[in-house]
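Right, I'll just put the structure down here and ask away after.
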Amino acid sequence: MDIRSDDAKKPMMMWFLGMLLFSMVAESNAQLSENYYASTCPSVELIVKQAVTTKFKQTVTTAPATLRMFFHDCFVEGCDASVFIASENEDAEKDADDNKSLAGDGFDTVIKAKTAVESQCPGVVSCADILALAARDVVVLVGGPEFKVELGRRDGLVSKASRVTGKLPEPGLDVRGLVQIFASNGLSLTDMIALSGAHTIGSSHCNRFANRLHNFSTFMPVDPTMDPVYAQQLIQACSDPNPDAVVDIDLTSRDTFDNSYYQNLVARKGLFTSDQALFNDLSSQATVVRFANNAEEFYSAFSSAMRNLGRVGVKVGNQGEIRRDCSAFN
């Protein structure tokens with residue numbers, strides 16, 4: 001979709017609003033530090049890495065599950081581990097419809113890492129920081145870039161399913177819709193495109209993109225922006241009426257963190273509408289092409305975007321708490 005010149009200022013306006021929001025929380029973000037636990041739990045990164053690696057060796061879904069959980073957590077209430085809270089009434093953040101598909105392996109990864117950390121540094125390291133470290137570690141385990149993680153987040157005291165609605169990008173969004181959501185969290189267009197590259201690993205239920213394969217429009221049953229051969233592959237893969245049927249988001253290298261996601265977009269093989277829109281829209285197309293042609297440029301942008309994501313809505317200082325159990329408030 002090309003954005004008309006009359007509308008071109010709207011995404012830019014959202015970026016400026018997002019940057020304003022980001023500057024408003026800069027003071028609290030400044031309290032994050034790469035060596036935050038240098039004196040209180042100096043081995044925290046090694047402890048988390050060992051726990052994550054052990055879990056990853058048990059199942060490769062650990063990587064996409066943990067990375068996706070970090071994204072979902074940060075976009076609702078900020079990066080504060082609010083997505084881990086369990087509620088008997090099933091009204092916590094994790095119970096929202098948009099979070100019900102979060103894989104159990106993501107929860108298990110952080111819980112096991114938290115247990116390992118608590119055995120060495122009881123009551124010191126937040127679940128939010130452990131999730132941030134685990135998200136970095138799984139990226140490295142599947143071949144992605146290694147980057148420094150800022151620490152010092154506190155765990156949140158609020159977790160409500162009702163606050164999730166509208167906070168997470170849907171697979172049917174266009175670039176304008178994506179920009180609005182990311183900018184509301186202080187993230188730029190480049191951040192959004194780079195973070196979308198996390199779709200190079202993981203899978204999706206067929207119902208999340210079925211509208212592109214069947215009854216797309218009155219005259220076109222299949223989305224015309226999708227490569228026809230790829231469309232037939234998906235139709236065949238999703239022929240099973242089982243609602244739990246899944247396909248890999250990146251059919252070329254599902255378990256490797258690389259830039260093939262962007263190469264697929266250039267070839268019109270993006271799984272979600274929101275994926276393919278990144279190439280179809282002129283405001284994001286050039287960046288997609290750069291990332292498709294240069295893996296190192298993508299890795300650099302992704303590393304920067306992950307650090308920016310990790311600063312969203314953080315609780316620091318006297319805000320929040322250090323949970324003893326990630327699934328329950330103290």
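Placed from the backbone N, Cα and C atoms, the Cβ positions cover glycine too.
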Out of T200, T218, T225, T287, which one does Swiss-Prot list together with D250, S253, D258 for Ca(2+) 2?
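Swiss-Prot names T200 for this Ca(2+) 2 site.
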Among N99, N215, which is the one flagged in Swiss-Prot as N-linked glycosylation site?
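Per Swiss-Prot, N-linked glycosylation site applies to N215.
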Which of these disulfide-bonded residues has the least crowded Cβ, counting other Cβ atoms within 10 Å: C41, C74, C79, C127, C326?
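Fewest other Cβ atoms within 10 Å, among the disulfide-bonded residues C41, C74, C79, C127, C326, is found for C41.
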What is the number of other Cβ atoms found within 10 Å of the Cβ of S253 (Ca(2+) 2 binding site)?
18
Got a sec? Which of these binding-site residues, D73, D250, D258, has the most Cβ atoms within 10 Å?
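Comparing the binding-site residues D73, D250, D258, the most crowded Cβ belongs to D73.
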When the Cα-Cα distance from C206 (disulfide bond) is computed for each of the recorded positions R68, G78, P169, D250, C326, which gives the smallest value?
D250
Please work out the number of neighbouring Cβ atoms within 10 Å of the Cβ of C238 (disulfide bond), leaving out its own Cβ.
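Within a 10 Å radius of the Cβ of C238 (disulfide bond) lie 19 other Cβ atoms.
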Other Cβ atoms within 10 Å is the metric here; tell me which of the recorded positions V76, C121, C206 scores highest.
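Compared across V76, C121, C206, the most Cβ atoms within 10 Å surround V76.
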